[in-house]
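*Asks:* Just passing along the structure, written as structure tokens.
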């Protein structure tokens, strides 16, 4: 059984396949009807209006309808497109067992536990016939697929066949009066629409199911007596033909296979059985662990079956339908109807070659599974699953073409799979020993090879090589040298397709395709939701493959797409140009013509063959949103531009590719405010002042326009803007323009007009316009504002722009292939250049004189025709130079087109200093200074195993900021950063870059160390801890010059580490007020840290005191002895130690047991603070060297808070001298 789809749900009682779509209805014992797509494996819809189990369900053959019947005595007709129940048919008085649509008439037949069968007209929604006669529950009723018959099965142990011919005549006949009269009588005296034709008796118990053969006059039935019976009928009688025994419990459903000569039955014994209908023997049994089977359904068109059981349903096939085939250069060999055939691609002629042994029909799935062909010897290997895997070797006689009836004895053998590996050698897989047997054409073993991996199939991989497949990987194995040439992790591979030149291979799995090269180096992977069926390579190196529903392509970079939709699955054998040759499931060869434009176009783009791309764009209709999106995504918006007719899309693509001229063309056609605004933004980004001006004018955006004139220094137009603002009554705009121009009189006038007399007075008097000031003072009278004393006024006026008017200089670049070839203006390049020289965007757009305009007449200025305001048409009339009255400081006009040398070419960009620093150095500090934090972090991780960079963040930022200085440029220009180098001198060559200056140096650390010592002596442990941690966090970013200094840095790490550990333990001890034992232990460990002598003495005194108080006299005495050995200069310390010794000698005992043995050398774990004695295993921090117990492996070091404990690291690198 080949399971195609499986669901988990409540018990399934009814099933129905859709005739066209890949859908199946399942009605459940819970009252829900599910609609599944078995190809995609998804639940499409659920219908739950029935109350109680739904036992029957059926799709209509052509309408979007299905019918269901349930234990609520209701028959419901549903429309699946509208997702709702259309109507309910009421009439049955008990559970409804089955419902079915008639294949032709608008009828539904239903069987019920009320012992009747009813036929309904679903168009008139009435019951047209009631079939009575059974005297127990009717378990099923179905129409005959062709004739006017109904078969029913009942628990009264009979199967009945009913003739409904009269009902058909009544439905179809013309309504003449005589007929109608007789019909009335018939209705009155009890109708004879349906009569019992036969009653089939033979079962000993209730019959659960009966069904017709699709073409022959046969009926099959299954009953509670565990038997399946076959019945035959003719015009007059029906009789039992045979009984199939084998089920161990009630047979719940049975039917004839629509395509093959077999019967399928299922039962409450948890099995499905397949029987040979002609020999009437059992072929196969499929069992489930815990689920009883209830229902079977066969697909009306395809070779699919479905079965419902206690916990869901399965959709399955009994046999593979893929023909076995092997492709050679110009033909394909394949097996059809137990003959080996060949199809020649050039002549498209199909020839029968030789008959192939009929497999024993005692089992399914014995058909050939694969073929392998050796063209030089015309030998064919046919592999099948017979006897657990076997092969047959045939040699095709040269003269047998066309006859194909000479029976030939094949050479046979057992083996998982067999393939030719050379002209006259083939390899056979022996699974039991995992070896390959190489045989000659006489079927004699020539050589044996053990395989490198547990292989379950072998495929050809070039002469002398095999591709071996395991569950999760494939390898290429060389049989001569017995070595692996390539290895690749994959999902389970089903088929292998090599390209013509054997350079590429496609590995097909159920839902994915992996493309690799001949050494199995991975190129790309594709995933499909629908099952992948076959594939072949075309001449361009594109892989064409089929799924159940589509022909698709896969480009070398993994991009894929659909070429064509399929009605039925096909198997691609060969591709010639635009023709794909396929094998269908019934063994027919079929050429399919495809349109390869799309994938050839994408391939040309991918391979940068732009000439091909160009010709395809010009000659083909490659339009569509998908193609435009593809070009955009791949970074070719300028190409997409030439596909698009829609102006809005053109505009967006033109902006994206920076083609301002094309964007302008589109903006004019669209002529919407939003598009003009976006055009202005892009033009501003490109420094194209003329278009910015034009766009602002089109959107009537006067504030932006005024500001634009200000920054380009176009004061004439700015004064015109001021007049426009006045005409429009835009006071604020007018005032701004007056400010930009530095026009004081205008400002005073505006302030006065709007009634701000005090402001007008101040402005006039500050700027020395005394006549106006006096006039205003008279008007203000008492309210004249006072001016501040002793201040010197100055005129507020913006600075002159550095670059006045005109566009930004552009670099000369050669036109891209697309711009050159695709421009739809068919002009010469020279002509193009001439015009470009003339179209000076800068001065093009004069706003007409507005002095003599009346208020409200502004529209005359702004709504001039487009041509007048076209940036390329100067109002002066282009080259009419007579009336150009140029002021002396005006911008020099552009040179004519022949003066090419004047084109500004920007200097080539040098390498940034920060990049030079990074290239030359492997010191983390220098990488951080250059701003390359990620490489600095990688270096620290590699050198010191640092994993936590949070404590270093501020140092990184300080280093970066500290190695650069910043200079102000022009007002509108960005700040210029200048790199500061270490050890720079004026005599140094300007071209040689030194390393970056760093803000951290060793002397700072010595200061911090002294501060730490001082805080420790004073007992300020938290402060001291901060100092020592700061040292540990700065050392990774220190750079020193000499080897001696490197040793000092390393020594400093150890000192800081010892202090951090000691201080952490002491702070921890102070927290533990209620645990005297742990307090004593921590005080004792403190004395074993390597500290300065005064600090060691303090630690010993501290430990001695703590232990003495806790009556641990022996341990206290040890600390006293060690304290006296240091010759303490402080007399108090010495005296106290001697007193403790005397007291302890009287009673040398410890009150409590401590985890502390001073005789055994140890180090303290930095995380758990327990001793690690000599000989015990431990792990260390790769940076600070603190020891830890093994369980801390991989954790963050508690001491330095930077590195991961136990990780690999190369060591501290802090000087260029270490690298040289």
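The backbone N, Cα and C atoms fix where each Cβ goes, and this holds for glycine too.
Not my notes, these are from TrEMBL:
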- 47-88: repeat 'WD' (REPEAT)
- 89-130: repeat 'WD' (REPEAT)
- 131-164: repeat 'WD' (REPEAT)
- 200-241: repeat 'WD' (REPEAT)
- 244-285: repeat 'WD' (REPEAT)
- 340-583: domain 'COPA/B second beta-propeller' (DOMAIN)
- 611-767: domain 'COPA/B TPR' (DOMAIN)
- 815-1220: domain 'Coatomer alpha subunit C-terminal' (DOMAIN)
- 823-845: region 'Disordered' (REGION)
- 829-845: compositional bias 'Acidic residues' (COMPBIAS)
- 861-898: region 'Disordered' (REGION)
- 863-888: compositional bias 'Acidic residues' (COMPBIAS)
- 1127-1154: coiled coil (COILED)
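Mind running through what each feature is packed against?
*Replies:* The average pLDDT computed for the repeat 'WD' (47-88) is 94.
A Cβ distance under 8 Å defines the sequence-distant neighbours of the repeat 'WD' (131-164), meaning residues of its chain 6+ beyond its ends; these are 94-95, 97-98, 100, 102-103, 107, 109-113, 115-119, 193-201, 203-212, 214-215, 219, 221, 223-224, 231, 233, 238.
For the repeat 'WD' (200-241), same-chain residues at least 6 beyond its ends with a Cβ under 8 Å from one of its own Cβ atoms are 136-137, 139-140, 142, 144-146, 149, 151-161, 247-256, 258, 263, 265, 267, 269, 275, 277, 280.
If you look at the repeat 'WD' (244-285), the same-chain residues 6 or more away from its ends with a CB under 8 A from one of its CBs are 1, 205, 208-214, 218, 220-224, 226-230, 291-296, 298-300, 303, 305, 307, 309, 318, 361-364.
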*Asks:* Would you kindly list the residues that approach the repeat 'WD' (89-130) from elsewhere in its chain, counting only those six or more residues past its ends and only Cβ-Cβ distances under 8 Å?
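*Replies:* Distant contacts of the repeat 'WD' (89-130): 14, 53, 55-61, 65, 67-71, 73-77, 136-143, 145, 150, 152, 154, 162, 164, 167-168, 171, 191, 193-194.
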*Asks:* According to DSSP, how is the repeat 'WD' (131-164) divided among helix, strand and coil residues?
*Replies:* 0 helix, 20 strand, 14 coil
